[in-house]
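*Asks:* Before we start, here is the structure in question, set down as structure tokens.
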Amino acid sequence: MTNFPSDFLWGSATSSYQIEGAHDKDGKGPSIWDAYCKIPGKILNDDHGDIAIDHYHKYKEDVALLKQQGFTAYRFSIAWTRILPNGKGEVNEKGIQFYNDLIDELLANNIQPWVTLYHWDLPLALQEEEDGWLNPKISYYFEQYATVCFDRFGDRVKHWITLNEPWVVAILGYGQGVFAPGHISNSEPYLAAHHLLIAHAKAVNVYKSYFKKQQGTIGITNNCDWREPIDNQPKNIEAAQRALLFFLGWFADPIYLGDYPQVMKDRLGNRLPEFSELEKSLLKDSSDFFGLNHYTTMYAAEQDENAVETSAYGNGGLSEDQDVQISQDPNWDLTDFNWAVVPWGCKKLLEWIADRYDNPPIFITENGCAYHDKPSADGQVHDERRIQFYKSYLEACDEAIKNGVNLKGYFAWSMFDNFEWASGYSQRFGINYIDYDTLERIPKDSAKWFTKTIKEHQERHTLKDKVH
Ligand code: PNW
């Protein structure tokens, strides 16, 4: 990783519902994920986040692990319903206190907090009374909630992420119905996404207008897999490009280029809402950095009626709208989550982003892999495959940087094994193992590998500084 700049940021990431537990403690209200997990059959083994890894009570121990492992940044999310139990109205001071304590603990250990405002745990009251992300008013509620967070935490938090993966909210929550709130529709995803984008833009506008003196940065995190044309036929090259536009262009084009991709407008007709001129201007340049969550790669081809689906979550969007058939190469290694390990896809995606959006500063805000880890007889977790995964993806990043991509940081997903949404606790993405009986944290070999890698990076640059 010799091309990484000296100020490259090394972090690790989590989200509120996946780790905190304490689901009804100290005045917290219920979120759509609290409710969704209680519907029998929605989550593997009917798992839920009521306790999760009990980070709410063990946060000091967890910050100590971050410190010990050498991370200089920690990405976590705020549970909206700890701050505003019903999504709006009175502030819950005990919720503020928890995040104040966490932020102070991080800063005392020289770890930069990177705070996501929304990682999918919408206040249940806003779903039931206001129709969640389908209601245009939701952007106003989000703006209000964001304002409370800037006001109460912004003296110490200098890195904000408005939304985590609006694509997942829209497609998995409102299209395929596999995530909360569990809707199945071919039009709701586009409406929900529209309101998510406007909510993001309004929150950024508040931050830039009223909290300038805090001198922080703010952006959005989108997820995207790479789509590789299955062969050189022009129709398949075009299908891969179209798939990327329906996946990432959907959310990044309005922010960097001012509107939805033309191919989406052409294909979706009046199912794709239109931005007003004011909304367009609020959206344009509303992200100080390009937050990217990246996990895997698929081949893309023009849709063939007879082909079989291979993706864990369907076709990277609504397939009938894209006419794209995706598949995996039988030679690719799979993680236990069935996501293929294809590091060169990461490099190609980074270069695609740099090319399409004029080389923005990029932070990989999530990358990682799930395996069914278990401690060995020596009590340690030897997750060699995860080390190989991280090594190969970071090498791909190194090549992208060498080719001119402005990649400025990388967050491993995840700091801990945690509640993996519809898969419950069956999938382990962590670099720290959680024993769910005792809630003991056991650093995996991959955590130790990060410590070494970060240290090597830092030493290489101190050495360079001395030479110059
Ligand atoms: C992300 N897809 O979810 C989330 O930000 C994390 O909370 C989650 O634990 C992690 O990745 C692993 O799943 C995704 O279908 C869910 O492309 C689905 C997709 C991508 C990301």
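Glycine too: its Cβ is placed from the backbone N, Cα and C atoms.
A TrEMBL annotation is a machine prediction, not a hand-curated record.
Annotations per TrEMBL:
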- Gln18, His119, Asn164, Tyr295, Trp413, Glu420, Trp421: substrate binding site (BINDING)
- Glu165: active site, proton donor (ACT_SITE)
- Glu366: active site, nucleophile (ACT_SITE)
*Asks:* So if I measure Cβ to Cβ from Gln18 (substrate binding site) and keep only same-chain residues at least 6 apart in sequence, which ones fall under 8 Å?
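*Replies:* Gly49, Ala52, His119, Ser414, Asn418, Phe419, Glu420, Trp421 - these are the non-local Cβ neighbours of Gln18 (substrate binding site), listed in sequence order.
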*Asks:* Determine, to the nearest whole angstrom, how far the Cα atom of Asn164 (substrate binding site) is from the Cα atom of Glu366 (active site, nucleophile).
*Replies:* 10
*Asks:* Quick one: of the recorded positions Tyr295, Glu366, Trp413, which has its CA closest to the CA of the residue listed as 'active site, proton donor'?
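*Replies:* So, of the listed recorded positions, the one sitting closest to the residue listed as 'active site, proton donor' is Glu366.
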*Asks:* Provide the number of Cβ atoms within 10 Å of the Cβ of Trp421 (substrate binding site), excluding the reference atom itself.
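*Replies:* Here the count is 24.
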*Asks:* Could you work out which of the recorded positions (Glu165, Glu366, Glu420) has its C-beta surrounded by the smallest number of other C-beta atoms within 10 A?
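*Replies:* Among the recorded positions Glu165, Glu366, Glu420, the sparsest Cβ neighbourhood within 10 Å belongs to Glu420.
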*Asks:* Rounded to the nearest angstrom, how far is the Cα of Glu366 (active site, nucleophile) from the Cα of Trp413 (substrate binding site)?
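*Replies:* A Cα-Cα distance of 5 Å.
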*Asks:* What other residues of this chain sit with their CB within 8 A of the center of the CB atoms of Gln18, His119, Asn164, Tyr295, Trp413, Glu420, Trp421, the recorded substrate site?
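*Replies:* These residues sit around the substrate site: Ser15, Glu165, Glu366, Ser414, Asn418, Phe429.
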*Asks:* Tally every other Cβ atom lying within 10 Å of the Cβ atom of His119 (substrate binding site).
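*Replies:* 25, counting other Cβ atoms within 10 Å of His119 (substrate binding site).
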